[in-house]
Amino acid sequence: MLPFPPGAILRDVLNVFFVALVLVRFVIDRKKTYFPLVFTIFSWSAVILWVIALTIFSPDKIQAIMGGRSYILFPAVFIALVILKVSYPQSLNIEKIVCYIIFLMFMVATISIIDVLMNGEFIKLLGYDEHYAGEQLNLINSYDGMVRATGGFSDALNFGYMLTLGVLLCMECFSQGYKRLLMLIISFVLFIAICMSLTRGAILVAALIYALYIISNRKMLFCGITLFVIIIPVLAISTNIFDNYTEILIGRFTDSSQASRGSTQGRIDMAINSLNFLSEHPSGIGLGTQGSGNMLSVKDNRLNTDNYFFWIALETGIIGLIINIIYLASQFYSSTLLNRIYGSHCSNMHYRLYFLFGSIYFISAALSSAPSSSTFSIYYWTVLALIPFLKLTNRRCTR
C-alpha cells in the first residue's frame, strides 16, 4: 500500500485543476494585477523549475514527485484565490468561505475533544483508520500515555497549528463586530482542542492571539473572563481527565517531565545534526526524502529535523531554501499590500493581524514540519489570501 491514500490523490488533482484553470483564465483574459502578485507568480515559477530540475536528477522519481507537491501545490492556492478575488471580484463570497472554515474547524475541534474524552475511540467509531497509509506511517497521536487531539487529521502537531488559524479568524470576526459571542465561544472550543493536542507551539500562538486582541478590545476581555469562569469549572467537574492534561501541559512548558526534557533536547540535537550535514552537503539529501515519500525508498534517507526550514534545505538544498523563502515571503507581502488596499483596518491594526500570521508560520516551521502538510499549509495560505478582503461591517476601523 502506498503512503499516499486516495483522498490525498484526489485533493492534489483538484488542487492542480483549480490553480491551472484560474491561471489559464487569467492569462487568456489578459487581466492586469498588482506588481507584488506578479512577482509572486514568477517566484512560484522559480520554485517549479527548481523542483523539476531536482526531480529529473533524482534517482527515485516517484519519491521526488511526492516531495515536490508540497512546495508547488499547497501554497499555490494563495495565488489562485487572490487572482479570483482581484480580477473577478464577484467570483468569491469571502464572508461565506470564512464562516465555512470556522464552522469546519469548530466541528473537527469538537470531534477531537470528544475523542480525547473517549480515550481515542470516538474517531474510530466514525470510521477513521490510523493505518490509512500503511503500517509504516507513524502518526503523532499520543504523548506520555495520553491521547492527543487530532480530530481524525492524523497528526496532532498539524492539527494544533491548523486550529490556531481558526482562533485568529474568530478573533478577527469579533474585532469587526461580527457575531461576537458566537465567535468567542467557538474560539474557546478551538483553544481547548489545541491544548488537548499538547502542541506547545500552537498553544503559545493561540495565547498570543488572545493577548493581542484583548489588549485592544475591552469587550473581549470582559466576555472572555465571563466565559472562562463558566466553561472551565463545568469541564473540570465533568471529568478528571483535565487534571492529567493540566499536569502534562505544565510539564511540556517547564520540562519537568522526562518525556518533555527528551523532546526539547531532541530538537536541539536534530538542529545540530542538520546544520552539520548541510555544512558538508549544501545540496541536501534529495527531494522527497524527509516526508512520506521516504517510505517508498529502499534506503531510509530521512534526517529528523522537526524544523521546516531544515526540511526544505535537506530536500532542495541551500539554493532551494532561498528560492522557497523568497516565494513564501512574496505571498505574505502581497497579502499585506492587498490588506492596505481592500482591508477594513485603519491606523496600525493590520500590523497586529500580520504579526500573528507571521508568528503562526514561523513558530510552526521552527518547531515542526507542519507547513509541509496539507492539513496546515492549504488552510494557512487560503486564510492569508482571503483575510485582506474580509469586511464584516461597514466600519473602516477595527476597534
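Placement of Cβ uses the backbone N, Cα and C atoms for every residue, glycine included.
Residues 66, 69, 73-74, 76-77, 79-80, 83-84, 132-133, 292, 374, 378 of the same chain, all 6+ positions outside the transmembrane segment (4-24), place their C-beta atoms under 8 angstroms from a C-beta of that stretch. Swiss-Prot lists 4-24 (among others) with the feature transmembrane segment.
Residues 64-65, 68, 71-72, 75-76, 78-79, 82-83, 86, 286-287, 316, 319-320, 323-324, 326-327, 330-331, 334 of the same chain sit 6 or more residues outside the transmembrane segment (37-57) yet have a Cβ under 8 Å from a Cβ within it. Taken from Swiss-Prot, the feature transmembrane segment applies to 37-57 (among others), supported by sequence analysis.
Swiss-Prot lists 64-84 (among others) with the feature transmembrane segment, giving sequence analysis as the kind of evidence.
Only residues 6 or more beyond the boundaries of the transmembrane segment (97-117), in the same chain, are considered here, and those with a CB under 8 A from a CB of the stretch are 123, 126, 147-153, 159, 162-163, 165-166, 169-170, 173, 183, 186, 189-190, 192-193, 196-197, 239, 241, 379, 382-383, 386, 390. According to Swiss-Prot, the transmembrane segment annotation covers 97-117 (among others).
Annotation comment: Swiss-Prot describes 151-171 (among others) as transmembrane segment, evidence class sequence analysis.
If you look at the transmembrane segment (185-205), the same-chain residues 6 or more away from its ends with a CB under 8 A from one of its CBs are 102, 105-106, 108-110, 112-113, 116, 143, 146, 148-151, 156-157, 159-161, 163-164, 166-167, 170-171, 174, 227-228, 231, 235, 245, 248-249, 252-253, 356, 359-360, 363-364, 366-368. Per Swiss-Prot, the feature transmembrane segment maps to 185-205 (among others).
The feature transmembrane segment is assigned by Swiss-Prot to 222-242 (among others), with sequence analysis given as support.
Swiss-Prot lists 309-329 (among others) with the feature transmembrane segment.
Feature annotation from Swiss-Prot assigns transmembrane segment to 353-373 (among others).
The annotation transmembrane segment is assigned in Swiss-Prot to 374-394 (among others).
Cβ atoms under 8 Å from those of the transmembrane segment (353-373) belong to residues 70, 155, 157-158, 161-162, 164-165, 168, 172, 199-202, 204-205, 208-209, 212, 267, 290-291, 305-309, 311, 328, 332, 335-336, 339, 345, 380, 384, 387 of the same chain, restricted to positions at least 6 beyond its ends. Non-local neighbours of the transmembrane segment (64-84) in the same chain are 4, 12, 15-16, 18-19, 22-23, 26, 31, 33, 37, 40-41, 44, 47-48, 51-52, 54-55, 58, 91-92, 286-293, 296, 312, 315-316, 324, 327-328, 331, 334-335, 338, 372-374, 377-378, 381-382, 384-386; each lies 6+ residues outside the stretch with a CB under 8 Å from one of its CB atoms.
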